[in-house]
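A short worksheet on the structure shown next.
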Amino acid sequence: MSSGGLLLLLGLLTLWTELTPVSSLGGPAYCKLPPEPGPCHEYKHAFYYNPDARECEEFIYGGCKGNKNNFKTRHECHRVCVR
């Protein structure tokens, strides 16, 4: 194989390894929603999946409404959203 072909192959492999974790994220679509504290004022500690950081992070949940990217524990968030 020529050096140009090897460079192309190396470039494609590099691109594939960079994009694979994002495209293989098998969690539900709601795991990509931003954290939504809701309108209430109970100030509960909750966790949401941050797709940019690829991890579950803590936020303050007001106790009502919000969205489905809202978990009581980091473990539950990880179990649902990280595949």
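Note that Cβ sites are derived from N, Cα and C of the backbone, with glycine treated the same way.
As the structure is a computational prediction, the values presented were derived from the model and not from experiment.
For 1-24, the entry in Swiss-Prot reads signal peptide. As annotated by Swiss-Prot, disulfide bond applies to C31-C81, C40-C64, C56-C77, with the evidence given as sequence analysis. Among the features that Swiss-Prot reports, domain 'BPTI/Kunitz inhibitor' is placed at 31-81, with the record citing sequence analysis.
Helix, strand and coil counts from DSSP across the domain 'BPTI/Kunitz inhibitor' (31-81) read 10 helix, 15 strand, 26 coil. Remark: of the disulfide-bonded residues C31, C64, C77, the most isolated position is C64 (fewest other Cβ atoms within 10 Å of its Cβ).
Sequence-distant neighbours of C40 (disulfide bond) (same chain, 6+ apart, CB under 8 A from its CB) are G62, G63, C64, K65. C31 (disulfide bond) sits 9 Å from C77 (disulfide bond), taking the Cα positions as reference. In the predicted model, the domain 'BPTI/Kunitz inhibitor' (31-81) shows an average pLDDT of 97.
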